[in-house]
Structure formats: structure tokens, C-alpha cells
Amino acid sequence: MRHAETAQPPPRPARLAVAVTFAVNGALFGSWAPRIPEIKANLALSDGVLGLALLAPAVGSLVTMPLAGTIAARWGSGPSTRVAAVLFFMAALPIAVAGDAVTLWAALFVFGAMMGGLDVLMNAQGVTVEQAYGRSVLSSFHAVFSLGALTGTVIGSVAVGLGVSLLVQFAVLGAVSLAVVLPLSRSFLADPPAPPEAGPVPLFALPRGPLIPLAVAAFAVLLAEGSTADWSAVLLRDSLGAGPAAAGAAFAAFSATMTLGRLIGDRVLTRLGRRRAIRWFAGSGATGLAAGLAVAAVLGPGPGAVGAAVAGFSLLGVGLSVTFPALLAEAGATPAIAMDSRSCGRLVTSWVKP
């Protein structure tokens, strides 16, 4: 046991490696959001057909997420995360060459499957790093995910304005991201052994027992985050009169405020406690979004309505900033399900991106 511990890399390099993995994941995810109105127009998709296409990542993630926790438990979250990162960036490329609604759905299904698996695995590695630190650091990983998403949104918006194709955008972003992530990933930590009472690792794991309410709450939080990514640009462009380059402003603002909230999230959780922070932040975020959209509806299409909607999504970003990391930490602190790779996988299984 002593030899295994000394063989592990120091926690700081591991923390950097996990943080960068979260960041590049967020960057690719964020860069896609401003391109959705363009895809909708190029393929002549109605709102209903686009909605069905945007359900494909959810279906794909439902296939891989329950399996990812088992994969991490059997082969380790570190090695599994490295493989998942490569597959994730490769899976983005078919989206750019989809020629109709059917091929778009298939491409988004594969993309969602790869992203869902990577999300579970990198969170499992994040929990391992947090345990090595002996204090809350998981919120900082989600902060850099949001910072990556903000950066990706800016990249996507600039690419739209410059007329850069989605294929080139994804290919360049993926190549640069992997060139950074793969060398750093050598510092990932080995997962701690599962407790003896955990039993054999099941092939397919779903939330159960004390994880169920946490999974339901995680579903709601990530449903809101996924909806913002998928639909905020369409809302601003098609309903509120924003231009193509400005359509990503709502998700950019959402990502910016979420980043700021998560940068102080670990201290907030320490001061307020996880359960109180979840109630306060989630409630205020929902209220802020509702108020912003209500004002936008009253004002009608135009700059004022766009500004009100962006403000509402900004408040939602603040509200959701610490909620998901707090849910993961709460799962890890629940005695009956002390957080190992499997319980992390079961909890994150609740993520469904609409």
C-alpha cells in the first residue's frame, strides 16, 4: 500500500491535468453552441426537427454514462479518461459534415455518447484528486469547464463571423486540445481501492438508494445547462432579433457567470454547507432566468429584449455555478455510497442534454 501511494504523481500535476481536461471539454462544447442556428438554417430544419436532433446527444449519453462508471472501476479513471478524450474530439467531426436531419441525428448521437462517457470519467478522476487533496477542489474543475465553454463560445462566434467552416473549427480545436491534454494526462492519479463492502462491479449501474434524489437534482441542473447551450442562440437569433455573431451572447454570459461562481465555489460550499448552497443557488438561478425572459417577452424583439434575456441567463449561470459540484461532493460524503468511480458514474448518469 505504501509503495502504491509513493508511485502516484504529486496531486498538483494531477489537478492541472484534470483541470485542462475539463477546460478543453468545455471549449469544444461551447464552440458548438453558436453554430446551431447556422446548422438549422443550412439544413432547413424546423424548430421541431431541430429539437429532435438535439435530443440525440441525450440518447447517446444514456447509453455510455451508466457504463462509464464501471469502466473506470475496472480499468481506472485515468487511463479511461485519456481514451475517452480522443474519442470525444474525433466524434465531433461528423457533425460538421451532416447533410440532413437523419445524418445530423446520428452524428449528434455519437457525439453525445462520447461526451457522456468522458464526463463521467473525468469527474471520477476529479473525485480521486479531491480525495488526495483532502479538501474540496471539485468545484474548481467545473469552473475551468465553464471558462472553457466561454472561450469556446467566443471561438465559435468569431468563426461564424469570419466564415470559418464548422469542420475546420472542430478539427483545429480538437488537434490543439489533444496536443495539450495527452501529455498532461500522464499525471492522472490511480483511483483508491473500492471498500470491501462495495461488492463486485456491475456491468451496468444506475442510481439507487441515497443516490436517487441527488441524481434527480443533477438531472435538473444539467438539463438547464444543456438547454441553455442548445437553445439560447436560437432564441436570441430567431425570436429576439439578434444577429448571427451576437446569437452566442446568452451562452457566453451564462458561461462567464458560471465560471466566476465556480471560482469561489469551494469556499462557498465550505461556508454555507452543500445542502444550503444547493437550495439557495438553484432557486436564485431559476428566479433570475424567469425574470429575464419575462422582461424580454414584454419588450418584444430588439436590443432591449436581447439584453434582458442575456441578463436572465447570466443569473442562471450564477445560480447553477456550484450546484452540480455540490451534488457530486454530497454523493461522496454520503456514508452508504462513499464516492468511488462507480457511484460517480451512477450520479452523472442523470445527465441528459436536451
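Here, residue 1 is simply the first one shown, and the rest follow in order.
Just so it is clear, glycine is given a Cβ too, placed from its N, Cα and C backbone atoms.
Between the listed ranges 12-32, 222-242, TrEMBL ties the annotation transmembrane segment to 12-32. Taking every listed stretch (80-98, 143-164, 170-189, 305-329) in turn, the largest tally of C-beta pairs under 8 A with the transmembrane segment (12-32) is reached by 143-164.
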